[in-house]
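One structure below.
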Amino acid sequence: MMTDNSKTRVVVGMSGGVDSSVTALLLKEQGYDVIGVFMKNWDDTDEFGVCTATEDYKDVAAVADQIGIPYYSVNFEKEYWDRVFEYFLAEYRSGRTPNPDVMCNKEIKFKAFLDYAMTLGADYVATGHYAQIKRDENGVVHMLRGLDKGKDQTYFLSQLSQEQLQKTMFPLGHLQKSEVRAIAEQAGLATAKKKDSTGICFIGEKNFKTFLSHYLPAQKGRMMTVDGRDMGEHAGLMYYTIGQRGGLGIGGQQGGDNKPWFVVGKDLSQNILYVGQGFYHESLMSTSLDASVIQFTREVPEEFTLECTAKFRYRQPDSKVTVHVKKDKAKVVFAEPQRAITPGQAVVFYDGHECLGGGIIDMAYKDGEPCQYI
């Protein structure tokens, strides 16, 4: 027997891109009562004075008309500024490297937007993320990696709670990106040929250094090796991240062994940037980390220990870890030393295909000693 989906209302977050367009199309084809909503999170114009949000909204309108669904625009600029951008700036001020996409999903797309969707009578919200939702026999929702390994976005969704996931659909999770493009082209959607957006949501394609300098004054300082050699001047600690290679302005010639130079540490109090030679420089290696803002996708005890795998940045293979959880904090011990564990970034836990949740890295340690990363 066919399920009658017509009484189930799904509000789709539509960005004007191909993924969210196909999300809306698939749900409409499956018979759901679909409404499209465009979120305006950032007041912006590109370098030609064109408001990119206006262009994106036109694409949403065109696709919604093609599919035959109602659509609205909602303004979350204040919520975005207060909950995501202020956090982003505070992290950079404290010498850390934040991941605003993780916070945007937690606070905007699956909180502010979810709340708004409920006022439209939504049973569920849906987005174009590459992740999968599976409900077990007890009604508990499990979040699984997207089938397209190169596009899986569970890393960025790792702060979602069971409550949020219960109300969420990810219709693209079982598809390859190439299939999504093909569906859009076959349906003749206005966004079928539109290129994917890159970069942080509110910066887009702009130069990151220039953008950041509008909001945080840069303080130049000394660039040093760990053993105290002065290597010149840095442009401001906020412009560098642990393990970074480019943009240092020092070639291999100063080191004697011609290995490339990397950022290996920061001292915020002295405004010193530490650099060292070699991809696996000893200062870049650590054996454990402390994390806070720990969120699991399911109900868990206040204190427990977990053997699983983890990612410490988006595009990296999983590593085996032991996680000691206490309330919203965790100590994560690595089976093998890890490179460039960066405070402010997300650590995300997995059990096979399932994303279990994650937290924000506060400090890395090497054999119990804190690494000089902030």
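Glycine too: its Cβ is placed from the backbone N, Cα and C atoms.
Swiss-Prot names Gly13, Met14, Ser15, Gly16, Gly17, Val18, Asp19, Ser20, Gly128 for binding ATP. Of Met39, Met103, Met169, the residue it gives for the same site is Met39.
The Cβ of Gln345 (site 'Interaction with tRNA') has 25 neighbouring Cβ atoms from other residues within 10 Å, across all protein chains displayed. DSSP gives His129 (site 'Interaction with tRNA') a coil state; it is part of no helix or strand. Farthest C-alpha pair in the ATP-binding residues Gly13, Met14, Ser15, Gly16, Gly17, Val18, Asp19, Ser20, Met39, Gly128: 16 Å apart. Separating the Cα atoms of His129 (site 'Interaction with tRNA') and Asp19 (ATP binding site) is a whole-number distance of 8 Å. Residue pair Cys104 (active site, nucleophile) / Met39 (ATP binding site) shows a Cα separation of 12 Å. Comparing Cβ neighbour counts within 10 Å across the binding-site residues Gly13, Gly17, the minimum falls on Gly17.
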